């Protein structure tokens, strides 16, 4: 038997596994997290399914550019939901890094380009038809949301890319990231409210969907998403002082 094996056998109970234990990822899921996760993703799936089905079965070529708007915005919102919930429970360096990668992939790589194209599509549709822009609450909230998203991405990216150099790095960048997180939780209900107005009250929604379906897809589903996401919030991550 080698000296190293002799040494390992002579270690105090439990100490021989200390190195492995430090590398293990501890459970981060709280009671209710899994239910909230399934509720959020399920409600997002309902919202997405109704939006895409409505677009596809009503000859989208008839409305040309506009058809891209509900289809892409609903897809983008689904990516926003995933991007938030995938990062929420992380509290250890290894899981935080993995969660941040998924968060950026879902929001920066997928959701942001999609929602930008969807916004341009409805703007261009009004432009070529010489219609006024931002005349409804849906349009006004959508404009505010897009401007907020731009700031949100700039601040979030600047606080983590290149070690947060844009904000001085270190603890300064971490403090900015905390503000980014809080801002995101304020922005998220605004996105859901914008979707609610767009699906429940808009001309497109009332023309193609019955009231019960609109209520389920654009009122109940967003409310379920909001509650589920907030249930998974870690208040300990909100300490900014």
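Glycine too: its Cβ is placed from the backbone N, Cα and C atoms.
Automated prediction, rather than curation, is the source of TrEMBL annotations.
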Residues flagged as transmembrane segment in TrEMBL, choosing from 86-104, 105-123: 105-123
Contacting positions for the transmembrane segment (35-57) when only residues 6+ beyond its ends and CB under 8 Å are counted: 67, 70-71, 73-75, 77-78, 81-82, 85, 195, 199, 208-209, 213, 216-218, 220-222, 224-225, 227-229, 231-232
Cβ contacts the transmembrane segment (63-85)/the transmembrane segment (143-170), at least three under 8 Å, sequence gap 6 or more: no
Spatial neighbours of the transmembrane segment (182-203) far in sequence, C-beta under 8 Å, 6+ residues away: 47, 50-51, 70, 73-74, 77, 80, 84, 136-138, 141-142, 144-145, 148-149, 151-152, 155-156, 209, 214-215, 217-219, 222-223, 225-226, 229-230, 233, 238, 240
